[in-house]
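One structure is given below, encoded as structure tokens.
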Amino acid sequence: MPPQKPDIEATDPDLSGENGSKSSSNDTQFTEDAHSRRASVAAKLRNPLAGMTEQEVLRDVDVWVEEKELAEYCDEFRKGALIARVGQREDGFEYVSQLNEEEKGLLRHEITHRWDHPFMLYFLVVLCAGSAIVQGMDQTAVNGAQLYYFDEFNITNEWQQGLLNGAPYLCSALIGCWTNAPLNKLFGRRGTIFISCFISFVTGFWMAAADSWYNLLIARFALGFAVGAKSSTTPVYAAESAPKTIRGALTMMWQMWTAFGIMIGFVVSVAFENVDFMGEYSQWRWMLASTSIPPFLVMIQVYLCPESPRWYMEKGKYDKAFNALCRLRKHRIQAARDMYYAYKLLEVEQAEREGKNLFKEFFFVKRNRRAAQSSFFVMFMQQFCGVNVIAYYSSTIFEQAGFTRSNALLVSFGTGVTNWLFAIPAIYTIDTFGRRNLLLTTFPLMGLCLLWCGMSFFLPTDAEGEPTQARLASISAAIFIFMAVYSPGEGPVPFTYSAEAFPLYIRDVGMSFATATCWGFNFILSLTWPPLVRAFTPQGAFAWYAAWNFFGWVYCYFLLPETKNLTLEELDSVFSVGNRPFAKYYAGKLPWYVQKHVLRRDVPPMEPLYEFDGETPGLFGEREGEKT
């Protein structure tokens, strides 16, 4: 006997379009009408087909396929739309009577074997991984190269040294990040990745052939045009092409493969250390020239992959969008389901954008401004936690500590390996422990590691003035542990947090703002580290960035909301709570946490700041009941 078909719309709030989340009117300061409008839009963005009957969906599909000249695939789109209508329930397709048993079996297989996909999807994943490797390698190849080009060009001024190393990030913050939207609009996701990799390819050889320090400076500045567009476009391309069952994991892999590229940048420093047949200091030319190899491979591969189906739809090329999705899915029904659902989402987003000044919305709407503030903080702290001091200057730091140049390059390679290995668990921990939880745990640990590293420079040398093994080991251990702590915390959190904090209709503007913030402060750190060491000594310079980590913990606790596993409606409620009530609430809750978690006393629960279906956020943003 077949299972009785439940009234899905009446029983499942996700499918009926009901919000389900409550927001305290005392905290939001928004009118009920405005809140209702946002909730309605957010509900449509969760499932734009919610609330429609089967017959309404089928009529809409019949008209749509005629308009978009897809009538030959009408049957696939009718079935796909019905599956999308109940897609908030994993087993919703079981109650779609138009599907035969073979088609239902295919959809069951998709759930139980979520990594079983066509070759082309994995080919695209390799492309995105290669793009991330280009990004990471461009950042750290300079770590070893600077030891040689500073000598060749006789660059002794600390500000000049910092400017050379930080030039790509200045260009990226001022220009590169803001070219992302026009490049994507004109050339698509593939075209933007190709252009950015072409720039990386050309500038790699340009840097290697530079005959003066200012020629090298111009080449490094030009590299910045590639950095911003690539870092913004590649994760979006992966997310738009992947099915929802693995979308989050593929997007997170950007950080993991960037860390792998960072490690490869250290590898080439070690590999070309003794390649000096072109001159006494010519090793740096081989190190920087090697950065042209990964982007060349990505350029070859990129046009063998299909373009983003969403981009095709934005351009009105619906036949190409469907063909692209068919290459990325195992069955046409899956392609039709994902394409129709994506189109309806796009329809809602375009309606939200219509008639609005996005920059005005970004800065003058409280919910958006609060999201921007939080994204600014996590991006700022990704730089001022001090990690790129190690990424760009570790070989110099180890030489200052007393290592030989050869050993300094080798130990720097070890920091790259540590960074990559500890980035792998972040794919799991970021959605298990939450963004806020990870930052609150890692900020004080990173601060302590930097203090430890700085204070290790006070350890004495031996009678001959050579550093002792204890001094070298202490500095190395502090930096290695710092990298291990950074990788699952401030490594993946900023880009993940920023990508989900903004409403979809201003997400492009929000991500451009966030990435420009990241690369702008990256430039400041790169520029100022050499003069900072001269003015403060290594002890004071490391203490400076340790202090920023402790500041980060305070800010995070009192002002940073959690975003893990929140729906669009819930994010609207969270970011509508202002700084003052948020900070006041968590300041008042500190004694409660001491009583409950430190003294282990049985204390009554506090009134929640905001509620989601009766669940309340705990100390680190996790929902009460998930952990005690």
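Each Cβ is built from the backbone N, Cα and C atoms, and glycine gets one as well.
Marked as region 'Disordered' by TrEMBL: 1-37. According to TrEMBL, the feature compositional bias 'Polar residues' maps to 18-31. Here TrEMBL flags 119-137, 193-210, 216-238, 250-272, 376-395, 407-430, 437-458, 470-488, 509-529, 541-560 as transmembrane segment. Taken from TrEMBL, the feature domain 'Major facilitator superfamily (MFS) profile' applies to 124-564.
Within the same chain, residues 378, 381, 385-386, 401, 429-430, 471, 474-475, 478-479, 481-482, 485-486, 488-490, 493, 537-543, 545-550, 552-553, 556-557, 560, 562, 620-622 sit at least 6 positions outside the transmembrane segment (437-458) and bring their C-beta atoms closer than 8 Å to a C-beta of that stretch. The list of residues near the transmembrane segment (470-488) in space but at least 6 beyond its ends in sequence, with Cβ under 8 angstroms from a Cβ of it, reads 259, 385-387, 390, 394, 397-398, 401-403, 411, 414-415, 418-423, 425-426, 429-430, 438, 442, 445-446, 449-450, 452-453, 456-457, 459-461.
Sequence-distant contacts of the transmembrane segment (407-430), counting only residues of its own chain at least 6 positions beyond either end whose CB sits under 8 Å from a CB of the stretch, comprise 140, 143-144, 147, 249, 252-253, 255-256, 259-260, 262-267, 269-270, 273, 390, 394-396, 398-399, 438, 476, 479-480, 483-488, 491-493, 496, 564. The average per-residue pLDDT of the prediction over the domain 'Major facilitator superfamily (MFS) profile' (124-564) is 90, rounded to a whole number. Most Cβ pairs within less than 8 Å of the transmembrane segment (509-529), among stretches 119-137, 216-238, 250-272, 541-560, belong to 216-238. Within its own chain, the transmembrane segment (376-395) is flanked in space by residues 139-140, 142-144, 146-147, 165, 262, 269, 405, 408-409, 411-412, 415, 435, 439, 443, 446, 450, 479, 482-483, 486, 490-491, 493-494, 497-498, 513-515, 517-518, 521-522, 524-526, 529-530, 541-542, 545-546, 548-549, 552, 555-556, 559-560, which lie at least six positions past its ends and keep a Cβ under 8 Å from the stretch. Through the fold, the transmembrane segment (216-238) approaches residues 124-125, 128, 131-132, 134-135, 138, 142, 149, 153, 163-165, 167-173, 175-180, 183-184, 189-190, 192-193, 195-197, 199-200, 202-203, 206-207, 210, 247, 250-251, 253-254, 295, 308, 495, 499, 511-512, 515-516, 519 of its own chain, all at least 6 residues removed from its boundaries and within a Cβ separation under 8 Å. Residues 193, 196-197, 200, 227, 230-231, 234-235, 237-238, 241-242, 250, 253-265, 268, 290-291, 294-295, 297-298, 301-302, 304-306, 327-329 of the same chain, all 6+ positions outside the transmembrane segment (119-137), place their C-beta atoms under 8 angstroms from a C-beta of that stretch.
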